[in-house]
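K.L.:
Quick one: the structure is below, and I'll ask about it shortly.
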Amino acid sequence: MATSDGFPASFYGEPGVLGMLSNGISAFLVLLQNFNTARTGDAPVGVENILAGVHLILIGGICQLVAGLLSFRKYDHLSATAFIGYAALWGSYGATRIYFGALPQTLTTASVLSNSSVSMNMTSNMFLNASTETPLCPLCLSIRESAIAGLVPYILLSFLLAFCSATVNYIMPFVFGAITATLVFEAVVLVSGSWALVVAGVLELLILIFAIYGSAALLVKGLTQRLVLKGFGTPLFNVLLLGTANSASAQSMGQEKKKNTKYAEPMALGFFCDSVAPFIFAFYSFGYMKSFGLGVAWVSIISVAQLFSSYYAHLRQDCYHTTKFGFHATYWLIKAWDEFVVSALIVEDSKVVSGREAMVGNWFFVVAGLVLCVGSLNMDVLELVHNVLFVLLTVSTVPQIPPQGYYIFFGVASSLFTAASIYGTFSRLINTIAEKSLIPVGPQPVSTEQLKKALKCRRSKQGDQKVMLQTDQASDALFYLSNGVASLSALHSNVSSMNPALLHLSVPWVLISGAIIQAYVSRLQVTGGGRFGSVISSIYVGIWAAWTWFRFAGDLLQFSTETAYGFTAGAVALLVINASLMLTAAYRNLVLLFLTAVMEVVLVCFLLSTLQRLPYELEMAMLALVSVLCIYGALASLLSCIFSQRLLPMGPPLIKEKVKRETSPESPCPVANSRLTSGLLKIAGVLEEGGVCGIPTDTVYALAASCKNPQAIEKIYNIKDRPAEKPICICISSVEQLVAANPPFSPLLWEFMRNVYPGGISCIVSKGDWLFRLGVGPAYDRVGTKDSIMIRVPDHTVTGHLCHITGPLAITSANPSGEADSTHHSMVINRLGHKIQGVLCDGDSNEVIASTVVNCLRIDEGKTRDWSHHTPFLVYFALSNSSPLLLSLQEPSAL
């Protein structure tokens, strides 16, 4: 469609203003303390640290997170990745400052303040005038080393962001480059003294200056809809110089992008997060950090950022990355808090070894990693290698590995995984900016047909396939995985329930996967639109939380008999509720029904444990069975969502709804079949008589009115509640119609149109008398603006024939103003059928967003501008045989 109306990006202004100001203000707060520390030699302590940390979390963390989330909705790949990544950085700094401020002042001044100043003035200012003689609590060890371990991956990733941003404009490279240099000198402060504080402060001042200018440029651009201040709209270099597109990979990318281009691609952010967490673990595993007290904050925050990448993959209907990034975040959170427990609560190595030997939950991660490997066979080589390295990583943390080699193996695996993730971050960013596969990611390992043939166990009837897939959700695989981790992690508690180390270590494994991540899954299922929403996952959040509290924390806290009876009552209530969930699962599939049935037995065991009558063998068998069902359910759900086809059987619904075969209610407006000539002529007749109709296009459905009837165009504004200041474009059948009207277009504009038409491009050109020759005539003053008009030539046979019959049509997206586009004729009928005079039914639309609007008023200067997302675009041309040829339409500014 030719308008951005209905596409969310047009309603989110310029989030880059908020993102860059957040970086600038946070850097300003840090430089003030850096300069003060360098001048006085006094490091901030106590409340001063806590307040500084709170400000950094609120401004650099939360505000920038909002900017990143809005950038996702503006289809802005680079800004979304950068702002959420930097939000994690500032949030980690803020948490570190609060950590320092909360420590006893004697510890802070005696030992935490050892040699230099706080990283980004958060850790480095704490290390001056240290005395190593004061005994420390375990959490106070390795403060400086932990900060360096967190800084180094952000330095590498910030450099990549600066480089990638140079392909879109020349403001963001300076902002991100200054952040990179600042992080380098803050790391230097931690190892060599306070001399680098001044250098870091100067660089932070540059961040502030660049951020203010960039924010001003974006703010003026958003207000004026013009690039008044320089910096955006022109890249430092063309991204196409980085390589030649790989056709196979490009095709694979194109297939994925067609699913949902309403939100930016979250893959780069997911790889970004997969770079930071394992890097910190590598430092810890190789002995550089003696305690994980501070590292847990850094890993937890970056894991939350990875959940956002999973969330936006879910909004893009990308079940594979929803599952992958959500599962990786689960692993990082569990491992971080596992090591935190080891550092803070279990200080004796012998107790750690004895506690971990009885744990088997990590084996589920190994098997689940293999499931992701199977899912990535349909992607590219990079995805497959990344998943194989994740499997290696999970194997390295199997607790049964001898303690002498455990951390060495873990460190090596983390290093390899970090290297692959950094490459993945760079390749995904560049390829999404260029919308071509410029950085090699490898071909698809196994063809789709071969994979289907290998995995398909049986052929279901077409009707059964449709019924089963209608009940599936993109988050189902993550639901099974989170429950599988929780159940297998809970199993080990039965071996030695009186071992305090085992009980301590069990808490993060069951609580994070079964309660915290499953609460996130329930949120996904609410937005997934499933019939039963998040009922099952929400209840299971309560089950695993209660399990953790009573079975693990209960022994540690030595609950009284009266307290145990309270859990008895709760267990009875959960038994009754789960029985109703079994009925719900019967409407889905047999795998889910079996899972809820086994969970009923598990709850019986939980009830008996509150009465001190637990049958350990039965509970162990049931928990193991839950994990097996979850692995199979995750694999089957993942493959079903990837291929939109049931490859592995999950069983039909045990209870099927009886569909009432009644006569469908009369449509609120006349409808016609686009595949019938009579249907096309029927809609054409309605348009000729002054009606407004819904019609299909090569993007989304549109409302159309004949240019021969100006009053019909006025109806469109009332039908949509469309603001009067928003112009409407015209749609014609072919470029030859324009040639016949003889508009005064330059040769360059003609060449551009012949390259992009027919297609999902809307060109803004100057108005003139040629519109009367085109057939616009009476509608001249009601389409476009006073001086310009937007033209569409859809790549759609039905629409082309319709325009050939009726002449030029005035069109706009078929949705109430401010709402999502209509991607099926039923959406047009349900939302606007009572207001319009007909709908030409053509099934699902080819795309899910409106067309790209290109301002061609300045095309003779060698560039155009895309206003559909309020984002400048460049069109690069090359002369060949004295004829300009369109090379690419690319996004040079993600802001």
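Glycine is treated like the rest: Cβ placed from N, Cα and C.
Nobody curates TrEMBL annotations by hand; they come from automatic prediction.
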K.L.:
Among the residue ranges 227-246, 407-426, 467-486, I'd like the one that TrEMBL describes as transmembrane segment.
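P.N.:
Comparing 227-246, 407-426, 467-486 with TrEMBL, transmembrane segment matches 407-426.
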K.L.:
At a Cβ cut-off of 8 Å, and with pairs 6 or more apart in sequence only, do we get at least 3 pairs between the transmembrane segment (146-163) and the transmembrane segment (407-426), yes or no?
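P.N.:
Answer yes: the transmembrane segment (146-163) meets the transmembrane segment (407-426) with 3 or more Cβ pairs below 8 Å.
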K.L.:
If you average pLDDT over the domain 'YrdC-like' (677-869), what do you get?
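P.N.:
PLDDT averaged over the stretch: 85.
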K.L.:
Which one, 12-32, 292-313, 359-377, 407-426, 564-583, has the most C-beta pairs under 8 Å toward the transmembrane segment (79-100)?
P.N.:
292-313
K.L.:
Looking only at the recorded stretches 267-286, 292-313, 564-583, which one has the largest tally of CB-CB distances under 8 Å to the transmembrane segment (407-426)?
P.N.:
267-286
